[in-house]
Amino acid sequence: MEEERLQNSEIPEELKELQGIGNETEQSETGAEHDADAEEKAEKRRAKIAAEVERLAVTAKDGRIKESELNDKLEKFGLSVDKYGLTVQEQEDIYKELEARGIVIEQTTAAEVYDISEGLDAATDDSVKMYLKDIGTVSLLSPDEEKELARRMAEGDLGAKQRLSEANLRLVVSIAKRYVGRGMQFLDLIQEGNMGLLKAVEKFDYTKGFKFSTYATWWIRQSITRAIADQARTIRIPVHMVETINKTGRVSRMLLQKLGREPSPAEIAAEMGIPVEKVVEIQKIAQDPVSLETPIGEEEDSHLSDFLEDDKAPSPSDRAEAKMLKEELLKVLDTLTPRENEVIRKRYGLDDSRPKTLEEVGREFNVTRERIRQIEAKALRKLRHPNRTKKLKDFINK
């Protein structure tokens, strides 16, 4: 054993990995299967993106497409950050492929940003228009100017960082508008998007060849979708669970296209490699709560609660019988002494309150719990007398 240990210690780590010391056969087979599955999924993903790029190219008018329109189409075709989990690299590849086909991607103009406020409610409209008017005065940047500002930022130029941020505020607005109606005000969405923009500015590395707007779009969308997940729901769901819900939704949509029908929880579970019970649980969590006061009908004079049966509610006859029983019981209690009557009422909650403990009743009467127990026992013996129980038995025997 010692000799074997010494021999193994002399083998370089790289060779140990190649030789698979330990469970080499099992590990290599499992690893190969995992790699094959991962490569197959990656290939399907690349094919999906390539097909949608083809569709994007066809829809471009006169070889030009607005950046905001491009983002809308990515959302429509199912290639968004939140629904498809599109990475920065994949988004950059889409832009480069379109440009390689001779399609010009145009930035959002000030006029287009101002038009975004159309259709908003009056209370929001004025404040939004003021903000859009302010950011519309900031001039856009060319790709060369972006690189120059990024280079200066890397050298610690704070002015360059501010200039790059302000020049892309329109991009935030064009992205935020697609999330209106998901539980957050438009200005709040813009604010969350601006937080994502600032994070993108901090992390942007121009040497990697990314266009800044492509890089920033990913961070802006992530910031907005996480804020919606964290704040917009009536019942808050943790961000990690929202991401799991989104992943389940992506798999479900993929299977829908593949099968031509809604996939079952078992099929979704098999694709995701998780138990069926987990998928069912995720789908339940993903459901939005509905208020029982939701108006129903054209005139909205009814509510959802009006049409829901309460299985636990007693019938009118049961309520009437219970009321009569209580009246007879109180008559029987009136035959006891005032103190016995009061103790029994409090101990059994007959005054429409909760039953009280011996200790609680004792404090109210300023006596020990043992004394209350004695009073209760004496009162119950009296109540068991046939003359007192006769009428009560009539209710019990029905």
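One is the number of the first residue shown, and numbering goes on along the chain from there.
In case you wondered, yes, glycine gets a Cβ from its N, Cα and C as well.
Taken residue by residue, the DNA-binding region (358-377) breaks down under DSSP into 17 helix, 0 strand, 3 coil. According to TrEMBL, the DNA-binding region annotation covers 358-377.
What TrEMBL records for 1-17 (among others) is compositional bias 'Basic and acidic residues'.
Taken from TrEMBL, the feature compositional bias 'Basic and acidic residues' covers 31-45 (among others).
Within its own chain, the compositional bias 'Basic and acidic residues' (302-317) is flanked in space by residues 290-296, which lie at least six positions past its ends and keep a Cβ under 8 Å from the stretch. Marked as compositional bias 'Basic and acidic residues' by TrEMBL: 302-317 (among others).
Per TrEMBL, region 'Sigma-70 factor domain-2' is recorded for 164-234. Note on the region 'Sigma-70 factor domain-2' (164-234): DSSP counts are 56 helix, 0 strand, 15 coil.
Per TrEMBL, the feature region 'Sigma-70 factor domain-3' maps to 243-319.
Confidence annotation: the motif 'Interaction with polymerase core subunit RpoC' (188-191) carries a mean pLDDT of 91 in the model. What TrEMBL records for 188-191 is motif 'Interaction with polymerase core subunit RpoC'.
Helix first, then strand, then coil: DSSP counts for the compositional bias 'Basic and acidic residues' (302-317) stand at 6 helix, 2 strand, 8 coil. DSSP labels the residues of the region 'Sigma-70 factor domain-3' (243-319) in these numbers: 44 helix, 4 strand, 29 coil.
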